[in-house]
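Encoded as structure tokens, the structure appears first; notes follow it.
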Amino acid sequence: MELRVGNRYRLGRKIGSGSFGDIYLGTDITTGEEVAIKLECVKTKHPQLHIESKIYKMMQGGVGIPTIKWCGAEGDYNVMVMELLGPSLEDLFNFCSRKFSLKTVLLLADQMISRIEYIHSKNFIHRDVKPDNFLMGLGKKGNLVYIIDFGLAKKYRDARTHQHIPYRENKNLTGTARYASINTHLGIEQSRRDDLESLGYVLMYFNLGSLPWQGLKAATKRQKYERISEKKMSTPIEVLCKGYPSEFATYLNFCRSLRFDDKPDYSYLRQLFRNLFHRQGFSYDYVFDWNMLKFGGAREDPERDRRDREERIRQGRIPLPRVMLPTSSGRPRGTQEVAPAPPLTPDSHTGMERERKVSMRLHRGAPVNVSSSDLTGRQDCSRISTSQAHSRVPSGLQSAVPR
């Protein structure tokens, strides 16, 4: 039996989950296009999918915003069908052994600042800026950074008058503690400055491999947040950014200097990193670290990789991996800090053998429904049969969808 949503999208296997929704691979039966289908039980205590889909719709048309194809209800489930995307930056960070080159960090920073600026221009703040919420596109959009997960987004000003929300204190921490701004830790209402400060921590995370306040232990969630806050506030920006170009410290100092309702100078921040990019002699060829690892670990010879990549493009081969779907976390308010991702230690292969196998998979174009754990070499998933896919679909949806 064939399961459909919106009488157009065939439901496939489950490929991700969040705190208030599961994500399935789907297929548009009219065009054959693969899509991501997010389901949320209508009986959930705090429904979020309808709100999130409305925000996505307000963002439609922006560069790096996933296309929403259909929203509605099927049986016991709220449904959102959206464009299928590639791996998250967190997945790619793990694939690259938890270290990005300066060139890759700067290429990402330029696009990430623009995504945040666009969201702000639409009168919203994201409030959960982290590597998991930035995904790469697929195919021709493989070099494009997308921003996802508006489950915690909030309107910060009136759309017509641009009246800013009032300054408030004693707010609970919203977002992910690892990347939260200092003002967020202090209980101050979030605004545009906080999204950008969080991005600064993400960039240093990419540079360093981890942040000084990761891995702290505490008896309770509140105590852990306090320990993270104390470590963050006691670590001077210059110490955090030591050994890296001064632009990273300049960026964070600028963000922390903004007042609550200030409009950030996004162009200034982008130009900071663009000037550094040019001084380093880098080329805007959009060859990221994972592209070089993908084709046999040619990290030492970027010029050869560029020539190989151009040859693949001339031959009509897709230059980027199709490795997974968007893993929108859908994390509810008060998201907990998560532990650092484990090191890449395969169960039965050496690191070199694992990298070779992953590179070979990417070289031949891994299917889009491969899980993120497969990307890091932990397991080898293949497409499941139709009967298996159906067995994973909630029964409330099975009874509601036309056979």
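Heads up, the Cβ atoms here are built off N, Cα and C, so glycines get one too.
These come from Swiss-Prot:
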type: DOMAIN; residues: 9-277; note: domain 'Protein kinase'
type: BINDING; residues: ILE15, GLY16, SER17, GLY18, SER19, PHE20, GLY21, ASP22, ILE23, LYS38; note: ATP binding site
type: ACT_SITE; residues: ASP128; note: active site, proton acceptor
type: REGION; residues: 315-340; note: region 'Autoinhibitory'
type: REGION; residues: 322-403; note: region 'Disordered'
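Positions of Swiss-Prot features highlighted on the structure.
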residue : record                       : DSSP (3 states)
ILE15   : ATP binding site             : strand
GLY21   : ATP binding site             : strand
ASP128  : active site, proton acceptor : coil
Averaged over the domain 'Protein kinase' (9-277), what pLDDT does the prediction give?
96
Spatial separation of the residue listed as 'active site, proton acceptor' from GLY21 (ATP binding site) - C-alpha basis, Å:
17
If you draw a 10 Å sphere around the Cβ of ASP128 (active site, proton acceptor), how many other Cβ atoms fall inside it, taking every protein chain shown into account?
23
Can you give me the Cα-Cα distance between ASP128 (active site, proton acceptor) and ILE23 (ATP binding site) in Å, rounded to a whole number?
19
